[in-house]
Amino acid sequence: MEQNLIRNIGIIAHIDAGKTTTTERILFYTGKIHRIGEVDDATATMDWMEQERERGITITSAVTSVNWKDFKINIIDTPGHIDFTAEVERSLRVLDGVLVIFSGVEGVEPQSETVWRQADRYNVPRISYINKMDRNGADFDRVVKSMKEKFPVEIIPLHIPIGREDDFSGVVDIVQMKAYLYNDPTNEHRYNVVEIPDHLKERSQLERESLIEKLANFDNDILEKVIEGKSITGDEIVSSIRKGVLSCKIVPVLAGSSKRNKCVHMLLDAICCYLPSPIDRPPIEGINPKTGEEVLRNLDKKGPFCGLIYKVEIDKHFGKLGYMRVYSGKVELKDQVLDTTFNEKVRVTKIFMIHSNKRIEVEKCEAGDICGVVGIRNSITGSTLSDPKHPIALEKPIFPEPVVSISVEPRRKDEEEKLNEALKNMQEVDPTFKVLLNKDTGQLLISGMGELHLEIIIDRLKREYNVYPRVGKPIVTYRETIKDKVESEYELSRVIGQKSVFAYVKLLVESDEKENFSFESKISKDVLPLEFIKAVEDGIRSTSSSGLIAGFPLINIKVTLSDAKYDISSSNEQAFNFAASMAFKDALKKVPNYLLEPIMKVDIFIPDEFVGIVINDLNSRYATIHGIEKDKGISKIDCEVPLSEMFGYMNNLRTLTQGRGVFTMEFLQFKEIPQEKLQHVKERLGIF
């Protein structure tokens, strides 16, 4: 297929906004499936895991491809729960465009803002869709107003709903100035294109004029016509909207009700009209792993192959399966490609087009497309596969660090190996899941993004691996850092096994709250070979996983390699890895180290009469209250709370509000533990 007719899109939203329900309708109307499944009935196509169907939520991103008119649309349906934010992160890394779904009732919710920021980070063009317009309390204008207040981009509604709540029957399209009515009692899928109802004609004209004014702010062609007083056609508006979307200057807003099969056709048209094709996106940037120089790759089927593994799974039939976006060239069966992450050549033994948990074998995958590949023995999420003659390493997705841990142990000694193997596999496929063995106590800790994340992990251990471990209570995963700037050096000069070994490094270690952990070399590859600089970085990063206070990972630190020496006959990568590790440890010992705790952004929704008692309870939990918004008898409390104070909070909130309060929570930042809490935390951790 021609690349200008491909759309690689993701569907992102807060939980329960209707992502999977919308995807199900897209599959149906494009002919991919012939019977609509429902989340509530555990029959949705894209929610194929047992846990997803039982809980009615999406846990893992699922990919599919559909055809609409002349277009091929690759779709990644992502989870909406904050515990599974890594699935959104890795999907956004390889997508060209995004559909953001909002509930017409709840509007812009906390996870809506989170996924929007994630899309901002990757500069992904997007359109939005206000779903559930048939529900009680749905209000299109209110949600649009909230979007304008919370997102720093031009929000442009293209629809006006016809009817409210249960009487919602279609929309006015202000671009083409037509109404789409779903009013056939014998067929809920059929719509009629009619003239705009009289009571909406004036509003439609005013909103179209407002739309044109906004487009004229960035589109000179539209501006010129406005100045000259010329009429502007619907097709010209479509073209202008597309320009604005591709440049991330505007976000069009559509309305509909996926559950009731209303306006999904228009949503598909908007995806094809407004979201970018692969050739609309800029060339992909990478690094030549041999020289360290920047490389640009254009989307060219005839160019050298490169693709990014954005997700891996362990398949019981094929072993490791990688989900890959191809950026240039093509990959064919039996091709030998280079995994630049490990500098390892691998042979592609199978290529799949993927539909949820079903796979169709194909002979090749070309630039601009998404596929599954087998044969990638050691590849991980973020691995780049490329033509061995033209190596390139693409930027990896950035994942948040886990914040909650639990202890696990096998029930019997003979289950230990089975448990370890299962955890190894699960850690390999989930970048936000970590396994740590405490060398002093022998305790095995698993860490994730929240209690639900770890609950799912334990459930999968039982179902998929037949392992039933003993599980401890959730505990907070802390971090460590420094606040000062310090220099340190280390020289390794000794004889090991009758062979001289030499390496010298000098480091500058300093606090850097803008970065999680960063490394920079001031040494050119002419002074120190690139492989030795890489060994220095690897040694430092490995050491940073365990701080001096209690063995927690170090963050907010920048390390600069300021000087180094090597000997051509006695230096090697292992020597520089060791020297860097020792110099880094020495630097940490020279300055005070600090313990940080995870702080959560918490939004609490309660009836007005319970505000006082809930605020008092939050104050006892070291909360910082940022504000209270009141709307129709419901108060929203916006606050920050240490994660350690939030375990079991749902039950406590229900007690305080007679079962009428709910809350959402997402990770915000790591913060130094207040002095009044520090001693208690240290005692709990066994630090004296």
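For all residues, glycine too, the Cβ spot is worked out from N, Cα and C.
A TrEMBL annotation is a machine prediction, not a hand-curated record.
Not measured: the values here are computed from a predicted model.
Taken from TrEMBL as is:
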type    : residues              : note
BINDING : 13-20, 77-81, 131-134 : GTP binding site
DOMAIN  : 4-279                 : domain 'Tr-type G'
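Looking only at other Cβ atoms within 10 Å, the busiest spot among the binding-site residues K19, H81 turns out to be K19. In this structure, of the binding-site residues A13, D16, M133, the smallest number of CB atoms within 10 A of the CB marks D16.
Annotation note: T78 (GTP binding site) sits in a coil segment as assigned by DSSP.
There are 28 other Cβ atoms within 10 Å of the Cβ belonging to T78 (GTP binding site).
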